[in-house]
């Protein structure tokens, strides 16, 4: 019992000592010597609907109340700088380890501790800063020590707020003594729309806008240069990574610059400066809008042994050029993470150099998807099925194999021609630049030759009569052209899948290609099995005919005895050799 009481007293003593030393330590960290203690101001809104009230508590902390802000990137911090201009504020520094990360704040209040090496004397401008995009969400200016400071009233903090609709609200502050009211309007709407607010006629019951005193705010239709567009970059390719980029910016001396780069990653270290042969280079900035132009050859002037990256930047004017773009806040020849872009294109733009036109690259169009399915139906099912019917169904009685062969071939050819019309209409032209189109033209030509060839076929000889040379040549030509058309058609299907992946970046292209491979492998196994059965059937038929004797009732089932052609053939085969039958009486 005594030991338990001693242990309890010792534990209470340690806790009391820990609290005492913590309080003493915290007291030594934060003093109250700065003349800025007690300073209060409101944030000036720049973007992300930032507003809030700021107050300095002591030498190492401050308080933010009634804080509103739309969510930003993953690296939004409280930022200190010596001035609010872009050059100085970008060279600022974080003043706290508190992060405002991807959170929407609504009337929030919290206290912030300064970093140990930061004092109020170092801070002239305090900003809410997005490090990733180099964006100032809002800021306030601190007074200089010993000077009188009267912060101007900014129109971002209001005493009252009312939601007028789901995307429209009004804020206001009323001062009866000084006889004024401040009103702020906020609307989540497109830039081409306008917003209006005013006082309706108190006596009006309808058409309240008539006779009302209203204020209207809107953007003009003229192009607006964004404040953060410190540089403009374009690249040839489907995305910035693994592409050749051209970056234009205005340096500190106000001179336009243009550099070329090879980009093989998403970090600043993956942006490699190249030395392309550019002429007629111009870069300028007018009213915040950056424009640049240059001239370059289609083929870089490099030797065959030159392994520079820019030597592979070859342009083919006959094929559409994929172009992407990006904008950022600042660019320099010594790149860092701060040079990363803040605005990018959503998808590539396809530029036709020969025609001088362009179009935004779209997702896979439904008509082209139908084109691909129809071609698979023709080259993967109907046409091979017609060939298999002609090859392996001749042992079936009647001409059913011939009817199946003709119907499947003509159906496949009709679907092919219809699918070609769909693709030409959707792409607004017929272009023979890609390997897929070349294989397709060859396959369609072979498929169209077959009906003409079938119409001109020589007459089939009677059974037992040797076929003419024209008939032999025709059969050889018809069979091999048909098989060749299938091979080229399958190649067109696979190149079409490859073209689909390159043009539309289809996520399922890899899986569809493997499904196509498996489909044709299964078809090849079926052909091997049918070919084995066909050879086995022919061998059995030959052996059955060679062992025929008088009175054998096990005839070949594949021979139609009611067909006169087969009867004449059998007679011919019997007359082709000498046969002698001698009958003798069993008893004399």
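Just so it is clear, glycine is given a Cβ too, placed from its N, Cα and C backbone atoms.
As the structure is a computational prediction, the values presented were derived from the model and not from experiment.
Between the stretches 342-362, 405-425, TrEMBL puts its transmembrane segment entry on 405-425. Of the given residue ranges 476-494, 495-513, 533-551, TrEMBL assigns the label transmembrane segment to 476-494. Looking up the ranges 437-456, 557-576 in TrEMBL, the one annotated as transmembrane segment turns out to be 437-456. When TrEMBL is compared with the stretches 316-341, 368-393, the one noted as transmembrane segment is 368-393. Each of 368-393, 405-425, 437-456, 514-532 was scored by its Cβ pairs under 8 Å to the transmembrane segment (476-494), and the highest score goes to 437-456.
Long-range contacts of the transmembrane segment (368-393) within the same chain: residues 400-402, 404-409, 411-413, 415-416, 418-420, 422-423, 426-427, 440, 443, 447, 482-483, 485-486, 489-490, 492-493, 496-497, 500, 516, 519-520, 523, 526-527, 530-531, 533-534, each at least 6 residues beyond the stretch ends and with a Cβ under 8 Å from a Cβ of the stretch.
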